[in-house]
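> Quick one: this structure, given as structure tokens, is what I'll be asking you about.
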Amino acid sequence: MRASIASLVSYGLLALLSFLALSQVTGTFAQRQAKEQEALFKRIQSSSQGFIDVDTNEFSQIIQVPRDYAVTALLTTTTGGIKCPPCQVFQPEFEKLAQQWNKNKSVKSKNVFIKAEFSRAQGVFARYQLQHAPVLYTFPAPTASNGSPDHVSFDFNERSFSAPDVADHLNKLLNTKFTYKQPLNRKLIIVIATSTIMVAGAIFFIGPHLSGVFTSSKPIWMLLCIGSMIVFNSGYMWNSIRGAPYIAMKAGGKPEYFAGGFQNQYGVETQIVAAIYSLLAFSFIALTVLVPAQRDPTRQRAGVYVWSAIFLATFSLLFFIFRTKNPSYPFRLFF
């Protein structure tokens, strides 16, 4: 009997010691995780860029709870040889937003920015089963009522790739009052200043001789008129007024160059349509002006064939784009 009691006491002591050892190990592991997370937080706070590039392990460390700040993570692929036009478009906007946010003392400690490149953080993409990029996730800070809140995704298709839209999204989500200010484009300022000086100098030196050119030069006025019609017919003013996004992504992560419907369009769509209109205009001018000016019948005949083919193929492409935007469009030529 006494042996049984002694055995029970021994087992009890052994279990107690095991529990204490396990608690010590667990506590030490939790402390180490907290220190690593704090180190990452300080790295982001002191970063001149306003964000840091993380791998899979660092991503898991910074978003783990508990923490008293939100984490906004950009999952993208701008390196490693993978072509991702939307990623390249959004990257500078993300950098400008993160830099301004990190300099604003009122919101700096409430949210931090990280970037996970596919080449370094494939585990992150696998964790969320992502097949496309870019993806912008925000992990809100835990609260008393919700100790582990779900991440919130920014919808690029519904909004745009611009930093002001992301800033507005974060303000609503995190209840902050951050104001994004569009930074000065120094390169554009230098180009404008240089161009102004060159134009002013040209007007000063050759201005007296321009009156005869503008009153008698038919090609100049023709190019100005055609250029203006191409720019405005392609939707430049619509994009400027509506602030249309430059490009969007399909469900599979592929870039979408043409918006559905005749009431929507993207910035890249305007450029493509303008290029098509330009080719149509030039081919028409070639058929009516350049080809008839050829004195060699063989060259003239070849010019008619070549430019007619270009004109008709380009027109077919334009109709194809119209049908892409609206499948009920009734006209087509070759394809």
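Placed from the backbone N, Cα and C atoms, the Cβ positions cover glycine too.
Automatic, uncurated: that is what TrEMBL annotation is.
According to TrEMBL, the feature domain 'Thioredoxin' maps to 32-175. Per TrEMBL, the feature signal peptide maps to 1-30. Taken from TrEMBL, the feature transmembrane segment covers 188-207, 219-238, 272-292, 304-322.
For each feature listed, report its degree of burial, its nearest neighbours and the pertinent distances within the displayed model.
Within the chain, the transmembrane segment (219-238) has long-range Cβ neighbours (under 8 A, six or more residues past its boundaries) at 213, 244, 265, 269-271, 273-274, 277-278, 281.
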> Counting each residue once, how many in the domain 'Thioredoxin' (32-175) are helix, strand and coil under DSSP?
60 helix, 24 strand, 60 coil
> Give the mean pLDDT for the domain 'Thioredoxin' (32-175) on the 0 to 100 scale.
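A mean pLDDT of 90 is what the predicted model shows over the domain 'Thioredoxin' (32-175).
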